[in-house]
Structures are given as structure tokens and as C-alpha cells.
Amino acid sequence: MSRRVRRGGLRVAVPKQETPVSKFLTASGTFQDDDIKLNHTGLRVVSSEPNLPTQTQSSSPDGQLSIADLELVRFLGKGAGGTVQLVRHKWTNVNYALKAIQMNINETVRKQIVQELKINQVTHQQCPYIVECFHSFYHNGVISMILEYMDRGSLSDIIKQQKQIPEPYLAVIASQVLKGLEYLHQVRHIIHRDIKPSNLLINHKGEVKISDFGVSAVLVHSLAQRDTFVGTCTYMSPERLQGRSYAYDSDLWSLGLTLLECALGTFPYKPAGMEEGWQNFFILMECIVNQPPAAASPDKFSPEFCSFIESCIRKCPSERPSTTDLLKHPFLQKYNEEEYHLSKIL
């Protein structure tokens with residue numbers, strides 16, 4: 001079940017409340033959790049994490065962007081704890097994606113939302129390969145994020161429409177995603193931890209951007225590692241599935257699987273006779289951990305593409321190249337981005 005909250009003429013649909021949010025509210029009605037403070041005017045981060053600003057106040061472009069100035073166009077989708085709607089700014093006719101999260105949700109989802117808020121804040125206007133969050137605020141039990149609208153959907157949508165994405169366009173996609181990951185890894189020391197087709201969004205200009213930072217992690221320094229188990233299991237690297245420590249290179253495994261899925265039109269790992277159900281889910285996980293890595297067939301793909309995928313999907317994390325090294329890979333140099341502009345397949 002869900003309820004609808006009317007906000008300045010805009011009806012925001014949010015999931016049904018499950019747990020009290022009152023313990024996260026200050027006397028003034030500000031939502032406070034961990035090191036963020038969020039109210040109707042915006043977001044403030046007071047962070048002890050070395051790669052996040054000590055104090056930051058979110059602001060809308062030119063002070064013009066507010067919930068009262070947005071009108072609903074249509075419903076886009078829903079996920080854990082929230083809904084996403086396409087909205088239009090009444091005065092500029094610019095479209096945005098409005099993500100609304102009811103904060104009376106379970107602790108795991110709440111922590112993911114808080115983490116997403118912090119990372120959205122630190123990456124604001126910093127990297128053209130990351131979906132931008134223009135404004136976020138809290139009001140009446142709902143956290144709202146006004147996000148850049150990517151009007152061609154996700155790579156997952158493209159696969160459903162096209163079945164397979166031709167290799168030259170995959171090179172263009174890989175280049176843009178790697179530039180986004182290079183920024184996250186080397187500048188912000190962030191592991192995304194959930195790279196997959198549905199989290200890579202595209203717009204009509206052919207721009208590919210990374211989205212959804214709910215399960216991302218900030219590392220203390222470039223050599224640090226994590227050992228928590230979050231993200232979409234089917235795209236996890238073997239070391240993560242085994243519960244071992246992991247670092248930035250786990251994102252590259254996920255990217256390799258994602259690109260191979262786009263090339264094949266189906267998920268690369270699919271044991272014979274696989275059917276839906278938990279038993280077969282664990283068989284799939286065992287296959288990823290214990291069997292040789294998935295690979296691009298040299299009979300169907302160029303040597304450069306096969307080499308690129310092999311570089312990403314190496315079971316030993318230390319053998320995977322960095323984002324910087326992969327950006328120099330012959331596969332990305334083989335195709336001209338202008339000639340294979342993504343708008344041609346959208």
C-alpha cells in the first residue's frame with residue numbers, strides 16, 4: 001500500500017509507513033540522521049568522513065527550484081522505500097525526476113537513503129558522468145530528491161528494446177561509465193557497489209551517467225577495502241560473494257558483466273536448466289565463484305572487445321586494471337565516439 005502527499009499542488013506517492021520517524025526529528029522538525037541535517041530548505045552535511053565536505057548547504061539553481069513550482073507529468077517507477085515521478089518546472093518547462101522516500105522505513109533502507117544523500121551532495125555539479133541531484137529536502141515525513149531526468153531510461157531498457165547493443169556503441173558506453181568511475185574512485189574514493197544495467201542511465205543526447213548511490217561506500221584512502229555485503233548479488237565480484245574484503249576493482253567486475261550482458265542480450269552466467277527459485281540462485285552464485293569467468297566469444301566479437309571483457313572479469317581482484325588503464329584499452333580507441341553516437345540507437 002502507498003499514500004499520497006499533496007505538496008504545493010503536486011501529489012507525491014510514497015510507500016506506506018512502517019516504523020516511527022519521530023526519533024530522527026529535531027524540535028524544529030529537521031530530519032537528522034548520522035551526519036546529515038535535512039529540512040524544507042535543503043541539506044546540510046557535517047561529516048567526519050575525510051572525502052566529504054565538513055559543512056555543505058544544498059541550494060537550488062538560482063534559488064528557483066522548489067517543490068511548489070513542480071507539476072506531475074507521470075509516474076516513472078518505484079523501489080525500496082520510494083517512488084520516482086517525472087515532474088516539470090512550471091516556469092522553465094525543464095523536466096526532472098522526483099524521487100520521494102517515506103522515512104518510516106526499515107533501518108537498512110533508511111541508511112541507504114542517507115548515504116545516497118551524502119554522495120549526491122559531494123558529487124553535485126562535479127562530474128558530467130554522474131546523474132546530478134539538484135536539490136533535496138525533508139517535509140512531512142518524506143525526503144525528496146530533485147534529480148536530473150535521463151529521458152531514454154537505462155541500459156536495461158535499451159537491452160529490452162534492442163536485444164543486443166552493437167560493439168561500437170558499447171565502446172562509447174564503456175568510455176563514459178569508466179570516466180564516471182574514475183572520478184568516484186580516484187577523486188572521491190567511493191566504491192559504487194551496484195553497477196548494473198538498470199543503474200546506468202541515458203539521455204537523448206547520448207550521455208551515459210551513473211545513478212543510485214544508496215549502497216555506495218566511501219573509503220578512507222585509495223588503498224582501503226570494505227567487507228560488507230550490499231548491492232545486487234548477480235553482478236557482484238567473486239570476492240564479494242565470498243564475503244572477502246574488496247575495493248574499487250569490484251566495480252570493474254560489475255561493469256564487465258554489464259557490458260557483456262549488453263552485447264549478448266542476456267545475463268552472461270546462466271547454468272544449464274536454470275529456473276527461478278532460491279536453489280538455482282545459489283547455483284548461479286556458486287558458478288560465479290567456482291567456475292571460469294564469463295567471456296565474450298571470439299567467434300562473435302572483436303579481439304579488442306574480448307580482451308576488454310577479460311580484463312574486467314578477472315577473478316583475482318589485483319589482476320584487474322584500474323579505470324585509468326581501461327580508458328587506454330585498444331577497445332575504446334577502436335571506435336570514434338562521433339561516428340557511433342548513442343543517439344543513433346535510442
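Here the Cβ of each residue, glycine as well, is placed from N, Cα and C on the backbone.
Feature annotations, reproduced from Swiss-Prot:
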- 70-332: domain 'Protein kinase' (DOMAIN)
- Leu76, Gly77, Lys78, Gly79, Ala80, Gly81, Gly82, Thr83, Val84, Lys99: ATP binding site (BINDING)
- Asp194: active site, proton acceptor (ACT_SITE)
Binding-site residues listed as Leu76, Val84, least Cβ neighbours within 10 Å: Leu76
Cβ neighbours of Asp194 (active site, proton acceptor) where a neighbour is any other Cβ within 10 Å: 22
Asp194 (active site, proton acceptor) and Val84 (ATP binding site), Cα-Cα, nearest whole angstrom: 19
Distance, Asp194 (active site, proton acceptor) to Gly82 (ATP binding site) (CA atoms, angstrom): 18
Collapsed DSSP category at Asp194 (active site, proton acceptor): coil
